[in-house]
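> In case it helps, TrEMBL gives these features for our protein:
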DOMAIN    14-202  domain 'Class II aldolase/adducin N-terminal'
BINDING   102, 104  Zn(2+) binding site
Ligand SMILES: CSCCC(=O)C(=O)COP(=O)(O)O
Ligand SMILES: [Zn+2]
């Protein structure tokens, strides 16, 4: 590893660890759920992904491991990449994204079930859709909802159909949300904006 590669690796590790701490403070990793990834190198494609099954509320030296474009560890390790690494691989293989985040929350699960049969949930007239770059007064943010296939290659195949832009979000029914953006800042912004919109919609439905 050259000094530059090492510096980049450490920088990306620390960026992802900082995002993980903020999401943990929001209590978005219940029961070891969730996984996070950040691209470290384009060619060959290498990205850091959370190790599977860890308590993501803790910060340790074994939180992430480096994997290749197929989601396989780059070096021999006792750590297992996230069971959902293939979703992150698909993001980096099909888009120009640099960071991808997946969390399970009560709000995203309840809404994915309520709107699951529609295959999407729409938001308009909401200030926070601007986080997705939608600034027009009549702009519509439509977040796709896909079935939660237990078979991860199958889930990835369905998920990958929605990887049509360098930033976006997909809800997996009764499972969670995956967002991606050009870097950690953008991915975190999209995740927070999505969760704000979900919490708002849930609160509104409860008042009706
Ligand atoms: C215990 S949560 C079920 C698996 C899951 O959906 C998830 O997000 C966490 O899996 P990982 O292998 O990334 O820890
Ligand atoms: Zn999950």
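Each Cβ is built from the backbone N, Cα and C atoms, and glycine gets one as well.
TrEMBL does not curate its annotations; it predicts them automatically.
What you see is a predicted model, and the numbers here were worked out from it, not measured in a lab.
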> How many other Cβ atoms are found within 10 Å of the Cβ atom of residue 104 (Zn(2+) binding site), counting all protein chains shown?
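Neighbour count, Cβ to Cβ under the 10 Å cut-off: 18.
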> Find the average pLDDT over the domain 'Class II aldolase/adducin N-terminal' (14-202) in the predicted model and report it.
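Averaging the confidence scores along the domain 'Class II aldolase/adducin N-terminal' (14-202) gives 98.
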> In which DSSP state, out of helix, strand and coil, do we find residue 102 (Zn(2+) binding site)?
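The residue in question, residue 102 (Zn(2+) binding site), is strand (DSSP, three-state).
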